[in-house]
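For reference, TrEMBL has these:
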{"type": "ACT_SITE", "residues": "Glu80", "note": "active site, proton donor"}
{"type": "ACT_SITE", "residues": "Asp221", "note": "active site"}
{"type": "ACT_SITE", "residues": "Glu314", "note": "active site, proton donor"}
{"type": "ACT_SITE", "residues": "Glu335", "note": "active site"}
{"type": "BINDING", "residues": "Thr438", "note": "Ca(2+) binding site"}
{"type": "COMPBIAS", "residues": "501-511", "note": "compositional bias 'Basic and acidic residues'"}
{"type": "REGION", "residues": "480-524", "note": "region 'Disordered'"}
{"type": "SIGNAL", "residues": "1-21", "note": "signal peptide"}
Amino acid sequence: MPFRLLIPLGLLCVLLPLQHGAPGPDGTAPDPAHYSFSLTLIDALDTLLILGNVSEFQRVVEVLQDNVDFDIDVNASVFETNIRVVGGLLSAHLLSKKAGVEVEAGWPCSGPLLRMAEEAARKLLPAFQTPTGMPYGTVNLLHGVNPGETPVTCTAGIGTFIVEFATLSSLTGDPVFEDVARVALMRLWESRSDIGLVGNHIDVLTGKWVAQDSGIGAGVDSYFEYLVKGAILLQDKKLMAMFLEYNTAIRNYTRFDDWYLWVQMYKGTVSMPVFQSLEAYWPGLQSLVGDIDNAMRTFLNYYTIWKQFGGLPEFYNIPQGYTVEKREGYPLRPELIESAMYLYRATGDPTLLELGRDAVESIEKISKVECGFATIKDLRDHKLDNRMESFFLAETVKYLYLLFDPANFIHNNGSTFDAVITPYGECILGAGGYIFNTEAHPIDPAALHCCRRLKEEQWEVEDLMREFYSLKRNRSRFQKKTMSSGPWQPPTQPGTVSSPESHDQSREKKPAKPKIPLLSCPSQPFTSKLALLGQVFLDSS
């Protein structure tokens, strides 16, 4: 695949007017409309590094640090702010050293971009203050949840936090983020139907399903994705077991000839025989759990639609073999290209490169305009819309580039790594196995292990110091007592020094915590393994 076809996409990032989100000429803060553009800058930041534009990455980091302010009166999507802003900042923070940004002592467990990510995430926490623990869909960044906010949230808007929030908790040491994400995941799990399916929208105050259509597409998609990616990132057996149970129900009730339809969540009867372009992530997700054969068959179904129109329409009527009225557009979504990238890493099948070539040529021929790449309003006649979504920069460009760049650092198979010295010891980072959030922001799982381990060790040292000084004080009191009152007598009051025998008994009852080797890698405690090359999650049983 000639790289010249990717050059227009590689040049795309320099088209961004980076100063657009800066304060106005009179020195006032940017108006709320600029929040969305700052979002685009954050969303596209790690794409710059993956495409090799280090100098622009460094410049954008400076722009963001100088100008981004989350204390603004804006109603923001909790879901979108998490995956784009929090995820984008976390990824950029973890990639900063590789991009030549000067990092502070304590990195990757501290840093300005990490503090920005934490600030943004804290703005979202009021949304989780519901009777069920499932979050509202919208929050005001200045005032919290508006009094009249609708309690109806889509399933993906509830179950798409564990990757970013667990990363944030691991890096900062504050468990609140991972805690609220896990509660939200569990509430959805407990709300599934008797046949194992979840609906599309739920009332976060009552826990009652409002929309009962069940499928793998819009409104549900990234919930399933985050069960798998959360399981890999955190080595969490329970999350993987939850997905595998869902996967069985999905195969039993929604799959027909390697297509996935929409069904009624309680009965399993077909409600919409349509394919949605957002569903094209599914073959990539299947590859992560090792289901390569089914993934390829489904991918090829979706590829036939691409070849029919030069893109994936938002809705496609499967029985009729054509687009659905008012859903004929293609906003340059990444999902099919994402699946091609994952599957190519797993199989090396050249058919997947053909899809990549077709995607580059279609985007170049149909949507390229003077100031960027426009959304295709109608795939039937290729009319364009006057907009370009930020996910095109964050995801579509990135996955296309990675599909054709086998030597990219993202594809590292563990043969190289960076040894980073922190105030608490040495960490191994950048060895590969990056986990992409649903907005294609890569997270290095080793950083979570490093910072979590360092903070745990720091806490252990503090505990030991407290215990040491406590024993020292007790010993001092003990010595004074024996000098003044004759022979030693066993203590009877709590809080005093116990006998050696009781110490021995205590040690027998409380086994010592196993020590973790300083340079150990994250362990794999269950019978599955993550192959760094291709990030394929395989069941070895």
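The backbone N, Cα and C atoms fix where each Cβ goes, and this holds for glycine too.
Annotations in TrEMBL come from automatic prediction, not curation.
From a predicted model like this one, the values you see are computed outputs, not experimental measurements.
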Neighbourhood of Asp221 (active site) by C-beta distance under 8 A, where only residues 6 or more apart in the same chain count: Ala156, Leu278, Glu279, Tyr281, Thr438
Among Glu80, Glu314, Glu335, the most crowded of the active-site residues [Cβ within 10 Å]: Glu335
Separation of alpha carbons, Glu314 (active site, proton donor) and Glu80 (active site, proton donor) (Å): 19
Cα-to-Cα gap, Glu335 (active site) vs Glu314 (active site, proton donor), nearest whole Å: 12
